[in-house]
C-alpha cells in the first residue's frame, strides 16, 4: 500500500511540476529553478542584496538563488555558494561542493569568506525528505540551526539572513533564537512557494550580536 501511495504521490508531484506556472516561467527566463522566484519575491519586499555586497548562499544547487544574488550584487559584489550536490558554474559565483554539516566543509567555506564580513546569508537548505515527520523535521531544524551558526561566524553588524524553515516542532524556539540575533524578523510565504508546503522563509535584518 505504501508503495502505491508513494507512486501516486510522485505522479502528482510530477504533474504539478510540469503544469507549474513558475516552472514554465523559470525555463522561459533561463533560471535554473522555480526557487529563484522565492528569493526574487523576498528581494522585492525586503531589499536584502545591493550592489557590492558579499553574499553566502547555502543549499545553492542547482543555482536559482545564486543566479539572482550575483545579478543583484553586481561586479563589485561577491557570492560564495555551497551545496552537497554539484552545481554547474555561474559567472561570478564561487561554488564549494560539500556537506555543510561536516566541519572540514565549513572550514573550507570560511576560508573562502576570508577575513571580510558577509552582508547577507541565504539558506534554502532542506534534508532529503523521508515522508516521516518525526525524522524529517529534526533534520530540517538541524540545518537551519547550522545556518544561524554561520551567521554568528561571518555576518557583519546590521547584516541580513533569509532562511527556509519548515513549520513544526522546534520552529518557535528557532524563531526566538533568530529574534535574539536580529533587530527585525519577518515571516514570508512567497507566492512561488507551493501552498501545501510547510515551508516559510524567515527574513531577518539588523544583525546585532
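For all residues, glycine too, the Cβ spot is worked out from N, Cα and C.
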Besides 63, 65, 99, 124, which of 46, 83, 136 does Swiss-Prot list for that S-adenosyl-L-methionine site? 83
Measuring Cα to Cα, how far is residue 99 (S-adenosyl-L-methionine binding site) from residue 164 (active site, proton acceptor) in Å? 18
Which ones in the same chain are close to residue 83 (S-adenosyl-L-methionine binding site), with CB under 8 Å and 6+ residues apart in sequence? 58, 59, 60, 61, 95, 97, 100
Can you figure out which of 63, 65, 124 (the binding-site residues) comes closest in space to residue 164 (active site, proton acceptor), comparing Cα atoms? 124
Pairwise over 63, 65, 83, 99, 124, annotated as binding S-adenosyl-L-methionine, what's the top Cα to Cα distance to the nearest Å? 18
